[in-house]
Amino acid sequence: MEGKEEDVRLGANKFAERQPIGTAAQSQDKDYKEPPPAPLFEPGELSSWSFYRAGIAEFMATFLFLYITILTVMGVVKSSTKCSTVGIQGIAWAFGGMIFALVYCTAGISGGHINPAVTFGLFLARKLSLTRALFYIVMQCLGAICGAGVVKGFQKGLYENNGGGANVVAPGYTKGDGLGAEIVGTFILVYTVFSATDAKRSARDSHVPILAPLPIGFAVFLVHLATIPITGTGINPARSLGAAIIYNKDHAWDDHWIFWVGPFIGAALAALYHQVVIRAIPFKSRS
């Protein structure tokens with residue numbers, strides 16, 4: 001009996017009764033140290049194979065993203081009745097599911113951005129250098145153009161007669177409505193990226209397992225459900241640019257600026273909110 005009581009006492013000391021929550025959890029850093037900000041320019045990257053490998057990963061991921069999602073869009077819009085297709089929900093799942101899969105595949109190589117707005121937000125937070133950010137954005141745009149081009153190559157007539165998956169502001173909505181939808185939608189996405197990949201959160205809340213690609217993909221899915229009827233959902237300038245270039249009709253370019261300005265504003269606001277409000281980095285005492 002005494003042996004059992006000793007085991008209980010040892011167990012009580014070895015395993016805490018509960019994990020700290022709220023501000024108590026925030027006070028425990030678990031040996032976490034804030035990483036230094038990335039340099040603005042890092043010329044040494046240009047001579048590193050890992051730099052170019054990451055760019056190739058971004059190209060391939062964005063290529064596959066456009067290929068699957070634009071094909072899904074074409075399958076829905078070509079039908080006279082949406083009941084015989086996956087519908088808007090299926091389109092949203094295609095976008096969200098592909099982001100989940102591709103971020104999972106490329107996160108360890110390039111960070112799994114697959115979106116110039118995500119890259120821009122992380123750059124503003126000094127998570128990567130300007131050199132890498134510009135390289136990523138170029139490779140993402142090239143991948144998106146190639147992905148949409150392959151879809152058009154399958155059935156050129158179907159592609160051109162059904163909008164080519166290009167983002168435009170829907171009838172009944174103003175350009176301001178479209179811009180607002182893109183800003184808020186991208187804010188949700190980039191804020192989720194910051195939260196899901198926060199190294200301090202991972203250290204502090206290590207008892208809560210999290211698969212970062214899952215909330216990111218789910219955020220993309222939900223934003224698409226909400227904003228497909230307004231703009232077709234951009235929240236990714238590379239996706240919008242690739243479809244616009246391959247479709248190449250005047251009305252696809254009329255509102256195209258919205259799908260760059262909106263996501264970049266949304267990404268900047270998400271970076272500012274996470275770094276200043278959530279993490280309070282500018283207010284931390286420097287030792």
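In case you wondered, yes, glycine gets a Cβ from its N, Cα and C as well.
According to TrEMBL, the feature region 'Disordered' maps to 1-37.
Positions annotated as transmembrane segment by TrEMBL: 56-78 (among others).
Per TrEMBL, the feature transmembrane segment maps to 90-113 (among others). For the transmembrane segment (90-113), the residues of the chain that approach it from at least six positions outside its boundaries are 53-55, 57-58, 60-61, 64-65, 68-69, 72-73, 76, 119, 122, 128, 136, 140, 211-214, 216-222, 224-225, 228, 233, judged by C-beta separation under 8 angstroms.
Marked as transmembrane segment by TrEMBL: 133-151 (among others).
Marked as transmembrane segment by TrEMBL: 210-230 (among others). Sequence-distant neighbours of the transmembrane segment (210-230) (same chain, 6+ residues past either end, Cβ-Cβ under 8 Å): 88-89, 91-93, 95-101, 103-104, 107, 112, 169-170, 173, 177-178, 181-182, 185, 188-189, 192-193, 195-197, 202.
Remote same-chain partners of the transmembrane segment (257-278), defined as residues 6 or more beyond its termini with a Cβ less than 8 Å from a stretch Cβ, comprise 115-118, 120-122, 124-125, 167, 169, 175, 178-187, 189-191, 193-195, 198, 231, 234-237, 240-241. If you look up TrEMBL, you'll see 257-278 (among others) marked as transmembrane segment.
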